[in-house]
Amino acid sequence: MSNVSLAPTAGGTVGAATERSHTCGVCVLPDPTTELHGVITGLHDVVGHGAFQRRVLMFGVLSTLVLLCHAFSYWLIARPVDHWCRSPDGLLEPSGAWNNAAIPLLADGSLSQCTVYDTPSQKLKTQEEVPCKSWHYNTTSPQDSIVSEWDLVCDRSWMLTFSSAVYMSGAIACVPVSGVAADRWGRKPVINAWVVALLVAGFGCVAASSYSLFVTSRLVVSAGTSSIAVITLILLFEVTREDRQVLFVLIYASSGPLLLPVVYHLIEVYRLNWRMTQMILMLPTSLLVTCVYLVEESPAWLLANWKTRAAQQVVLLAAAVNGVPAQSAAEAFRHIRERFEGTDLGRDTTFVASPNALFRKLRWATLPVELCWFTTFFGFYGINFRGAGASPVVPTASGYQLFVALQAPLVAATYWSIRRAGLRVTLCVLLCLTSAVCAIQSLLKPTPAEGDVIGVVLRVLIILVLCPVYLHTAQVFPAEVRCMGFCVSYAIGQFGALGGSLLASSNEMTFDTFLGVTSFAAFCGILSITDSRPLADAPKALRPFTPSEGISAFQHHGAEEANKAWEAVEACRKTSVVSFAAVDVKSDPTRPSLAATPRRRSVSK
């Protein structure tokens, strides 16, 4: 890849930015920032590997299970209930006589569930049918299901679909905001805040006395469970050594779908009403309060945001939990801090990066991954809402055994493939297999038994795709904007989940075809990039300045001219070339030179 020199601008001469090829097809930053990334990743060697990382993994698996329990809870709390029109109040006729006289018979001989004769009489040959105003349910209690609780049947059945759409919209709207907050204030404070909100909203669902209150509470539950699960995944990625990241992310991605059928089966055995079911689902949710003990702030985020004292406290705590001697950890962190100060880019040579420039830098690396997010969530939620094969509620013994028998060796194969062949090859193979299975199901029209087997295979493949997608997304974004980028990707995936759940329940053939097409499109997109490694962490231009430091890097003197020059060069190029420009200090007489600026002794001050 050739070098790109930006022309001088009105604000001064813009230094040449040398582009170097990156394994993701995205150019890394110059040497100081690459060295900064090495400093941050060196924290893993200081804290070691052990109980500290396993705590975060345990919390991550729990958060994923809670997310799935609430996401598919309509299988338990919105069971379909047999119903027919209720007889008028004060009617003395027995219910059987009323049904025979007033309720029309359908072609299959069953009673109509949504209409009643206007003037019930067995003597009239032609009678006018009118919609029901109220219903009688074949259940021991109206609280057996939210369907019977709030009459979500017939012309009101759309309210059930609407509540499900609102639930997914909560994640779409709130998770990106949570990502921005986690990048600004830290991972742990956002997780703690959402745990409190989730507990309040979850118990609010149990006590909801109206449909509107129930839907509102569910929206907050969706936002809370999704935000906690996503930010915990980022935290797991940042505290785990590179040689263990693949294994831990695989466990994170595959454990929830494996445990969900067991939890739902245990609940379904007792056939509880929907309020008691929701209360039981709050039991694992309440365990999330363990985040106060299990989860600490990400030392990589603290160091990337120049909070070295707080990073030192977390590093020493993690080292103690992992059994690393405190003196050795303190000495190692002191060397890291000295090296960190040595890589200080200095605000006199601050790299200029507007939000638009950052988007242009990352868009070609992230667009194929965003398509993978959409495809994966489209397939995962669509298959589970369709209930093919081993349904998440009451899996058949043979279906669940097949699910476990397939997932265990394929997870091991995926781990081996990622370690040996890389993320790109593994992701391409999994997407290609998913597209092929969808084509088989769409073209061959298998029998119901064969369709159940294919459904189980497809579910396992979709789950396996999650791991390389998670890893690639976490590696593309720098530490200081990693949560924002990951959460935006998750929101895009939720659009796919919404479409998949609606399409799978209405037209299975179209769902299979669309899933196959999007899987193949994602496969082609991944082929356009090379294998991925972590990008260098963001320069100081992307970190928040304190008020005493003056204007931010986005408003830095000369930044606008530099970005305009960068965009002008970008427009002239045929291929996707991205780079960051450095402001030449000599061209700006208002700023002191680097030589005249004394080196700060402590970046934590």
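Just so it is clear, glycine is given a Cβ too, placed from its N, Cα and C backbone atoms.
The annotation transmembrane segment is assigned in TrEMBL to 56-77 (among others).
Under the heading transmembrane segment, TrEMBL lists 158-181 (among others).
What TrEMBL lists as transmembrane segment is 193-213 (among others).
Marked as transmembrane segment by TrEMBL: 219-239 (among others). For the transmembrane segment (219-239), the residues of the chain that approach it from at least six positions outside its boundaries are 44, 47, 52-53, 56-57, 59-60, 63-64, 66-67, 70-71, 166-171, 173-175, 178-179, 182, 187-188, 190-191, 194-195, 197-198, 200-202, 204-205, 245, 248-249, 252, 285, 288, 291, 295, 298-301, 318, 470-471, 474, 479, 482-483, 486-487, 490, 494, judged by C-beta separation under 8 angstroms.
Residues or ranges marked as transmembrane segment in TrEMBL: 246-267 (among others).
Under the heading transmembrane segment, TrEMBL lists 279-295 (among others). Sequence-distant contacts of the transmembrane segment (279-295) (same chain, at least 6 residues past either end, Cβ-Cβ under 8 Å): 55-56, 58-59, 62-63, 65-66, 69-70, 73, 187-188, 191-192, 195, 198-199, 202-203, 206, 225, 228, 232, 235, 263, 267, 272.
Annotated transmembrane segment per TrEMBL: 425-444 (among others), in sequence order. The list of residues near the transmembrane segment (425-444) in space but at least 6 beyond its ends in sequence, with Cβ under 8 angstroms from a Cβ of it, reads 372, 375, 379, 414, 417-418, 451, 454, 457-458, 461-462, 464-465, 468-469, 472, 509, 512-513, 515-517, 519-520, 522-523, 526-527, 531.
According to TrEMBL, the feature transmembrane segment maps to 456-473 (among others). Counting residues 6+ beyond its ends, the transmembrane segment (456-473) has Cβ neighbours under 8 Å at 233, 237, 245-246, 249-250, 252-254, 257, 366, 369, 372-373, 375-376, 379-380, 383-384, 388-390, 399, 402-403, 406-407, 410-411, 414, 418, 423, 426-427, 430-431, 433-434, 437-438, 441, 485-486, 489, 532 in the same chain.
According to TrEMBL, the feature transmembrane segment maps to 485-504 (among others).
Residues annotated as transmembrane segment in TrEMBL: 510-530 (among others).
Highest Cβ pair count under 8 Å relative to the transmembrane segment (56-77), across stretches 158-181, 246-267, 485-504: 246-267. The stretch from 158-181, 193-213, 246-267, 510-530 that makes the most Cβ contacts under 8 Å with the transmembrane segment (485-504) is 158-181.
Note on the transmembrane segment (246-267): residues 53, 57, 60-61, 64-65, 67-69, 72, 75-76, 233, 236-237, 240, 277, 280-281, 284, 390-395, 400, 403-404, 407, 411, 414-415, 418-419, 459, 463-464, 466-467, 470-471 of its chain, located 6 or more positions outside it, place their CB under 8 angstroms from a CB of the stretch.
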